[in-house]
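Asker: Features from Swiss-Prot:
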- Cys24, Cys27, Cys40, Cys43: Zn(2+) binding site (BINDING)
Amino acid sequence: MAKKSMIAKQKRTPKYNVQAYTRCERCGRPHSVLRKFKLCRICFRELAYKGQIPGVKKASW
């Protein structure tokens, strides 16, 4: 889990646009965030296995 101060800091609008970055909406992780779902890879995997993300299923070929 991310520190509360870092999550609050990220929600503010930055002085410069290049300073903006994505953060997981569920756990606050700043790295490996899928933009479409606003989740990190770990949270995405957990929710996908539980079937809580509509339209996502395990790949098989």
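Here the Cβ of each residue, glycine as well, is placed from N, Cα and C on the backbone.
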Asker: Within a 10 Å radius of its Cβ, which of these binding-site residues (Cys24, Cys27, Cys40, Cys43) has the fewest neighbouring Cβ atoms?
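Answerer: Looking at the binding-site residues Cys24, Cys27, Cys40, Cys43, the Cβ with the fewest others within 10 Å is that of Cys27.
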Asker: To test your reading of the Zn(2+) site: which residues beyond Cys24, Cys27, Cys40, Cys43, same chain only, put their Cβ within 8 Å of the Cβ centroid of those residues?
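Answerer: After dropping the recorded site residues, what remains is Glu25, Arg26, Gly28, Arg29, Val33, Leu39, Arg41, Ile42, Phe44.
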Asker: Helix, strand or coil at Cys24 (Zn(2+) binding site), per DSSP?
Answerer: coil
Asker: According to DSSP, does Cys40 (Zn(2+) binding site) sit in a helix, a strand, or coil?
Answerer: strand
